[in-house]
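In what follows, a structure is listed as structure tokens, so that the remarks can point back to it.
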Amino acid sequence: MMPLLITKGLSRNFGGLRAVDNVDFTLMPGEIRAVIGPNGAGKTTFVSLVSGRIQPSSGMIVFDGADITSQPAYVRVRLGIAYTFQLTSVYANLSVYANVALPAQLTLRHGPSKSAIQAAVMAALERTGLADQAAMPAGQLSYGHQRLLEVAMGLALKPRLLILDEPTQGLADGEIDNFITLVREIAKNATVLLIEHNMPVVMHLADRITVFNAGKILAEGAPEAIRENAAVQEAYLGTAP
Amino acid sequence: MSEASPARAYASHLGVMALLFVLSFLLPEYYHGLLARIMVLAVFAMGYNILFGYVGLLSLGHAMFFGAGLYGAGLAVIQLGWSVPSAFLGGIGCGAVLALAIGLLALRTTGVAFMIVTMMFAQVFYLVILYFATWTGGDQGMVVPQPARVLTFGATALDLTNPTVRYMTALALFSLVLLITLAIVRSRYGRVLVAIRENEERTKMLGYDTFSNKLAAVVVSGAICAASGAAYALLFGYVGSSFASVQYSILPLLWVLLGGAATTLGPLIGTLFMYYVIDITSGYTSAYLLIVGIALILLVLFFPKGILGSIRQRWLGWLP
């Protein structure tokens, strides 16, 4: 099977800091991959490079067999890479419906009718449980619901690769359980790349885990193997005295 | 913005058009002429509103697009002897091409830099008009001769200098542009424009080429402003460089702010309000601009969203 996403020697410098350092990464279709690592390990920078929000200093990104390194972000979105933001950035002044209509109408470029857009929007809202709040301005949603709206916007793009950047941050425990169910649902038709700090969520969801530290991939493997990995424990907890 | 109540939105706009139509038969001569002028300038404001209200791009150079239409149509009639319809379309074409060129350059900047760059280009446009005084009449301007301002359809000839014909032509242009604005705002494209205004970075990450969308908005906005300028030249017969001066870049901003940015009818209300305040106050004192200034400050303090914007916020949420 051909990998969905490959990065080769991907690097990004911020001044003297090498935020992402020569990363070779492979993601197979259908996977749920968690990316973990201490703060400042380069996780968000890495997915920002993949989504095209920032340009790499060097290296190459291949999506579905095509080199997309020089493609602008909006082209990558159209190719199927959807990115949901770490800090919620829904359109606060627009209705929940309009927030999702924007990505939905993009996927229906050829002969989209109002009813087709409406169906796509409502489908994404149903899946995230926001259908009742469709008419509400997005800024009036609770924080947890705004996070779900972010996911609904990603879903409406019908992505092949959905990148979720710390999606459970700030969610209540009950909301997290629903969220895990939702991500499992999504993974039936899409590959999921998940940056997450909440270890129970990672252990529940991920097929494989990639651990970042200081801009490099420290370890990669199945959840159990990563849990037992001495180098990972060291990165997180520091060396034993 | 919402999907609901298209009927109410269209009904209210048709109502405004009908009211303006009826007013043509009721207004005394002076106000009849003034309202015709206001409708043409409201088209200018509507064009400005597309870019400022919906995309959130504050240009301080829109006088050049109005001027491109004004001079494009005026010079076509005076120097080239074109007929009224082709001169009108030529004026719009000048505005659209100029907007495309300016957009390609100015959209490389944002915020304050965009304001300054558009203002500088408008100044260049203004100075070019003065420089080529042989053709443009310089700061004297030009008068479009009365015999040239006739619209002929086969056997029937419409004299655009006739007050009723002039009023109805202005109303027709105003109505057309109002409906175009309404259609744009309610379209999928309009939704993208508002999304760019609210959060451009997010809109890129939803798969939209924001540069192209903004460029298209500059061209549409420029073409509408040029239509206003071309109509002004043909209906009122005067093509003057003052219309390309910085004052006419500020005025549409004020009209739109007064009436309510990002409302379809706000530009008309703002233009109307400003003209009548000037008209009334100048009857009492020569310091009428002082009163206009105070009125503007009060409005911005108490109605920051403009007249119609505040009405929409408090009472009529369905207004487009």
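Every residue gets a Cβ built from N, Cα and C, even glycine.
TrEMBL entries are annotated by machine, without manual review.
Per TrEMBL, the features are:
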- B:7-28: transmembrane segment (TRANSMEM)
- B:34-57: transmembrane segment (TRANSMEM)
- B:64-82: transmembrane segment (TRANSMEM)
- B:88-107: transmembrane segment (TRANSMEM)
- B:114-133: transmembrane segment (TRANSMEM)
- B:167-185: transmembrane segment (TRANSMEM)
- B:215-238: transmembrane segment (TRANSMEM)
- B:250-276: transmembrane segment (TRANSMEM)
- B:288-311: transmembrane segment (TRANSMEM)
Is it true that the transmembrane segment (B:34-57) and the transmembrane segment (B:88-107) have 3 or more CB pairs under 8 Å, sequence gap of 6 or more? no
Taking a Cβ cut-off under 8 Å, which residues six or more beyond the ends of the transmembrane segment (B:215-238) line up next to it in the same chain? 36-37, 40-41, 43-44, 46-48, 50-51, 54-55, 57, 62, 65-74, 77, 84, 87-88, 90-96, 98-100, 102-104, 106-107, 141-146, 149, 160-161, 166, 169-170, 173, 177, 180-181, 184, 189, 193, 252
Who are the chain neighbours of the transmembrane segment (B:167-185) in space, where the CB to CB distance is under 8 Å and they lie at least 6 residues beyond its ends? 9-10, 13, 16-17, 20-21, 24, 32-33, 35-37, 39-40, 42-43, 46-47, 49-50, 54, 151, 158, 160, 193, 220, 224, 227-228, 231, 235, 264-265, 268, 320
Check the transmembrane segment (B:7-28) against each of B:64-82, B:114-133, B:250-276 and return whichever range has the most CB pairs under 8 Å. B:250-276
Does the transmembrane segment (B:114-133) make contact with the transmembrane segment (B:64-82) through 3 or more Cβ pairs under 8 Å, each pair 6 or more apart in sequence? yes
Take the transmembrane segment (B:250-276) and find every residue of the same chain, 6 or more past its ends, with a Cβ under 8 Å from one of its Cβ atoms. 12-13, 16, 34, 37-39, 41-42, 44-49, 52-54, 58, 60, 62, 66, 174, 178, 181-182, 185, 194, 225, 292, 296, 299-300, 305-312, 319-320
Under 8 Å Cβ-Cβ from the transmembrane segment (B:288-311), and at least six residues away from its ends along the same chain, one finds 254, 256-263, 265-266, 269-270, 273-274, 277-278, 281-282, 319
